[in-house]
Each structure stands twice: as structure tokens, then as C-alpha cells.
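Per TrEMBL, the features are:
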- Cys356: active site (ACT_SITE)
- His415: active site (ACT_SITE)
- Asp438: active site (ACT_SITE)
- Asn478, Asp480, Glu527, Glu532: Ca(2+) binding site (BINDING)
- 348-441: domain 'Transglutaminase-like' (DOMAIN)
- 1-40: region 'Disordered' (REGION)
Amino acid sequence: MPAERRSARGRSAVGRFPSVTFGFGEDTEAEKEEPKENNVKKGNACKEWLRKVCPCCCPKHDDGIDTEVTLVDGPGKEDGGNEVLLKVKSIDLLKSKSGANRTEHHTHLYQSDNLIIRRGQSFEMWITLSRPFNPSSDELHLDLKTGPLAVVAKGTHVIIPLVAKLEGDRWEAAVVKQEDKKIKLLVNSPATAVIGRYQLTVETNNQNGSASSTHDPANDIYILFNPWCQDDIVYMDSEDERQEYILNDTGRIYYGTKDQIGARTWNYGQFSDRILAACLFVMEKSGTSPSGWGDPVNVVRIISAMVNSPDDQGVLEGNWSGDYSNGTSPTVWSGSVEILEEYHKKNGTPVKYGQCWVFAGVVTTVLRCLGIPTRTVTNFSSAHDTDVSLTTDVYLDENLEPIENLNVDSIWNFHVWNDCWMARKDLPPGHGGWQAVDATPQETSQGTYCCGPASLAAVRYGQVYLKRDTAFVFAEVNSDKIYWQKNADGTFTQIYSEKKIVGISISTKAVGSNERSDITHLYKHPEGSNEERIAVETACSFGSKAKAYSSPTAQDVSLEVTLDGEGPKMGKDAELMITLKNSSSQQRSVSLHSQVSVMYYTGVHKATILEWALEYKDYKDKLIDQAALMLTVSGRVTETQQILATQFSFRLRTPDLIIKPLGKAVVGEKMSVEISFTNPLPQVLKAVIFHVEGLGLLTARMINYGDIGSHASVSLTEQFIPTLSGTRKLLVSLDCKQLTQVHGVSDITVEEKSNAPLYLGTHSRC
């Protein structure tokens, strides 16, 4: 018999089952009585009219779930009046944080009540039906949809059938237990499934008709990448590394110079409430098709583009001007949660402002949240190649003075990006593992401000022809610095090259500790080794100046700039040592030129200050952001005409914030901390702001403190109520026009209410 449509409502399962929607309300037996007019609830008037005309076809039910139903012509009841049509009464996804679904999928830390699972792994659910399920006559399948236009062929519309036995690596479900009207399903997903938020419905069918539950947002299923699954492209075999690169919600970000490496703690907060929704919102704002979200190469490239905002209204607006009056200074941020929440809350308005470490911190949050192992990486003496020459070029005039309008390449004191872990099936074998991804908008890649993923193995061997953006990353870590002098006829001659000044102390937080891990060896062979030189020559052969690549230059005089100890402090005079060494047996005379510049950490000069001496009075009004300076020394050996040139970056160290908990920390009980600071400068700090946050302790808050006098010591007390137990990190930063990059961290052990008191440990930042 042909199916009969009994409603004009739209069908959710186009091309499968014509449908009609019925509302479930009171018990079926009670529906046999005509409802009184004064008891009729306001709502769907057509449905109420249909219920009056044909109560057997449009009954009320005892459940809150709507079901779309298609009936076959003929009797709708068995002898005795029992229902034949099989309908869904309720769905229980077993989504408790402490339940097997969440703990076995390593998603128990997400502060969300939704079911969050990882692909390539099975999960359980209960379905309560209108009558006992009969496998010989009843059919049932799950229906999952993600994205604005779900399509079966693109993997965004998934129909999950019931099977007798699970085979793995495919969408399938099996009944593992039945209790009267309830059935328990074990559901499996393939390790290639599209990640994202899926809408779930359950459809049933037998000879008397079909029914489909309507979508309930509370039953949406979030599916993530799975580094615990060997079949997933992001699989990582070390549990310690999975704990660090997926489950650790705090980390360390390094900054400064190669000789003065500083570190600050960053709250990634990937498990915080609303952050998973915010991360998927970022993906949705990209406008890319969800059908490509099953490939981590695509996902990290999307996030690399969407965390910056020049061309796509992404998460953060970059600002390197020194003027942050229209937003938040990049040095104030100490975590990603506040940034992502603001972006989501304002429906995709870029947050002001970010610089490289902020972009990288947000990328780590988003990718760890989605299930891709990720770490934040800092490259000291990081080159920015603007012309794809794979060299860093410095142009000098006839008097060896820099030609500013030609010197567009630069070397940043430090630059922060990310490494992500995945197999690379789109590259030759051996190029999987760590991949570099950079969200700081420097150069466009295929017309978009993004970078990566670039295989570290390809970077190490100079295989710059392999995608994605390997040439740019190679130049950042292993380009030679070449000096060119202008000739009388306007041409340039290569006069000198430095081979060991780019890509130094590439750093990330160590696994399982707060120590710094040097990973330079993953990006390049040892400096000066035959392997490293071969990699450089291989890479430069694909560059825009392949024919101009320098030949080795004989040298018997060397030039080196060093500093003593940890280097100069903010507010003090800076002293550097310039050392010249003669390795020949003959006397050498050298004339040197030098200048000291204040610069942004990106390597862009701000102002020339002085030559040879650097006193506090000369730099105090010119410092910006990272308190970074660069000494440029160049010269010529009179006897041999050998050219000497070098540039040395250093920073002025800032003081620590001291954080001291007052009393014990207990979940749900108010506690206090004392924050202390001493102004190191012989001048007043104006309009000082303190920024305080801590996962499980308090949400980010800004404290407008006011002015702090010259060399004055101050303290303030903050109160908050911890919400999570365990060891928590409280982060505090200080910011004002005269002084930035001042921050501190304290470990606070929070007890449950019923626990005995625990020790509270503190420490300041390194």
C-alpha cells in the first residue's frame, strides 16, 4: 500500500520517508476522551483540529519528544489496542563526565554537559521506545547531521544502521542489551569522521509505518579528533605526550632574546565552559565546508587563517604600533579563554589586540580543544623573508651605512608559532609528525594570511618545494644573513654573510614539567655541519636569488658581541662587550661602525639612540613592548679589506610580581591572595593595570590600580571563590605605558570542602 501523508510539515529525511509530526503529551488511554475546550493548550491549532477529527491518527503521548510519523493505510492497532508503530520515547546518551563514554574518550575534563566523544572509538546510549523492540520485524537507525547542508556523499549526513556485530572503522550500531521497552546501543565511528557538532535523530520503520524523533539540542553529539586511536591521522603513541599536548590546559610561552630567554605561563583553558562551542564557531566563521573537517591538515590551516583577522574577520586583530588605547595591550593577556569568549559573544568581531605569542596561545587552545596534539614554539633570532630568496638580506651604501628603504627583510628577537602532530598522507613518506603552523599575519599563502602546516622533516632537509609554506618556515629558522654593498653604478655586490645567527634556541615547554625544552635539532642539523650546509644550499636553489648565493669567504678576524650574566635590568645602564679575534700571525687593523637601536620584537627599528654608550636616560622614553634593543656593528680590516658585520639583540629584564595566597583554598569558599610589586624605574608608572585570572579559581578580571611612584613598592589583595579542586595556577600581569611584560604565577592547591587542609605552594615566574 502506498504511504499516506498526514501533515504539511517539512520532512527532515528528504528522499526516504514522507512524514507527519505528532506531539507527545498525556497518556494514550486518556486521549480517547475528547479534550474540553478550556483544557486545550495554545499551540498548533491544526494539530489540535486533526486530533479532534481523528484521535486514533493523532494521539497525545506521555513523553516530551516529538516524533515524525508516516502511517501505512490500514489498521493502526493490533488486537487488544496495542500500538504497532514503533516510536522513540526518550534518548539517554550517558553523557555524565564521570561515565564511561566521557572517561574512555578522554573528554571528561570538558566543562560541558553534552556528549563529547572522539572518532574511531565506540560509545553507548539507551533508547526508550513505545513498545519492546522486535529485531525480526522492526528497523531502527540513527541519523546524524552536521553543517548547514548535510550531504551523505560528503560525510556530513550519516545514517547509522543496526548490525549484528560491530566490525570497526565504520559508522555502525549494535543492540548490546534490551530491557523491556529500552535498548542499549554500542555505536562506532570511523577514524576519518568529520569533526564537529552533530544533530541526532532516531528513525524507526516496520510494515505499519515509520517514525522519526525530532532534533533536541540537548542530544547533540560533539565529535573530536582522537590521538588515542591508531587509525586516526593525529595518533600519538606516547601517553605522556598526549597528556601534555592534548590534556594540559596551561603551558609556558618563551620570549626575549637568544641570550636572555624569558618565560610566562599561559592559560590555554581548552576545557572551560563554552570554549568548545567557541572553537567550532571559529570554524564555522571560516565559511569552509564541514566536509573537509575530517582532515587535520585542512583544520589547522583554517585555524591558522582564522585566528588572525586582516582578511577574514578572525579572532584577533594584530597591533605592533605601540598604541593599544582602543583595546587590550597584547602583553596584558595571560590566557585564551577571555579572547575566545569575547569573539564568540560578539558574533565574530575581532578582539583587540594580539601579537605573535597571543596568536600562538589561542591556536594551541583551539587545536587541543578539537583533539589535535599541539604545542607553542618560540624561535629566537627568527628571520622574516619577504622576497622568497630564502636569505635575509641587508643592503649597505658605499659608506657601509644601512639603506633603510631596501632593508625589508628582518630578524625578530623572537617569534612564536605552533607545532601540530599528524601524519602527512599528502607528502612523501617520512614527513609526518610535527608540523609548523603560524597564525601571525606576516605574508599571504595562496592569497590568505596563514602559514602551514609545514613538515619539520622537510624544513630540516631544505625540501622547500613540499607544501605547505615550507620555504617560509625554512627561512625563519635557517636562512643565511647576506650583506650587500652598493656600487658606484647602482648595482650591489655581496660582501659578507653570516651563517649561524638565525634560528637559535627554538623552545617549547617540556613534557610533564615547566622546564624549557630546546627543539632546534628538529628544525635543522647542527649549525655549520655538512648536513646543515647541504640543506641550506638545497633550499636556496629554489629561492629567488639562487645564482647570487654566496661562496665561502676566508676570514682571519672574527667579531662577537656578548653580555655578562643575565644582562642589563630595566632602569639601569646597559653594558655590552665587543670582542675582535685575530687568528692570523700578522697584525690587523679594524675600523668599526656601530649604532644601538630600540626595536619592536619583530626586528623593525623604531629609533636610533646613540653609539657606543647606553645609559638609562638615553633609552627610557623610547622603549616599547618587549624593552628590546639591537646593536649593529660593521667594519673593515684595513690590511685584507675583509668585511665584518653583526647585529646583536638584547632586552632589559623586568621585575617579578610576587603572589602570596592568604589562608587555605577550598572549593566554594572565599579566599584571598596578596600581589606585590616594586617599581624598578626612577619615574612614576602611570595608569597601571593588573590583570588576574586562573582556571578553576576566577574568571579574568582587570584591576585599574592607578599610579605607582618611582622605586615604590605596592601590594594589593584580591578575593575570589575557587570552583575546582586540585593544583591551580593563578596568573597576574601588570601593564602600563612605561613598563610591560611584568607578570607572575602562583600554584594554589584547592581542597574539596570535606578534605583535610593541603599545603599551598607559590613561586614567581622564571
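Every residue, even glycine, has its Cβ placed from backbone N, Cα and C.
Model, not experiment: these values are computed from the prediction.
With respect to Asp438 (active site), the closest of these recorded positions in Cα terms is Cys356, chosen from Cys356, Asn478, Glu532.
A simple Cβ count within 10 Å picks out one of the binding-site residues Asp480, Glu527, Glu532 as the most packed, and that one is Asp480. For the binding-site residues Asn478, Asp480, Glu532, a Cα to Cα distance of within 10 angstroms from His415 (active site) holds for none. Under DSSP, residues within the domain 'Transglutaminase-like' (348-441) fall into helix, strand and coil as 15 helix, 40 strand, 39 coil.
Within the same chain, residues at least 6 positions away in sequence whose Cβ sits under 8 Å from that of Asn478 (Ca(2+) binding site) are Val459, Gly462, Val502, Gly503, Tyr523, Lys524, Glu532, Ala535, Val536, Ala539. The number of other CB atoms found within 10 A of the CB of Asp438 (active site), across every protein chain shown, is 31.
Each of Ser479, Lys499, Lys500, Val502, Gly503, Lys524, His525, Gly528, Arg533, Ala535, Val536 belongs to the same chain as Asn478, Asp480, Glu527, Glu532, is absent from that list, and has a C-beta within 8 angstroms of the C-beta centroid marking the Ca(2+) site. Cα of Glu527 (Ca(2+) binding site) to Cα of Cys356 (active site): a span of 26 Å.
In this structure the C-alpha atoms belonging to Cys356 (active site) and Asp480 (Ca(2+) binding site) are separated by 23 Å. Here the domain 'Transglutaminase-like' (348-441) returns a mean pLDDT of 92 for the predicted model.
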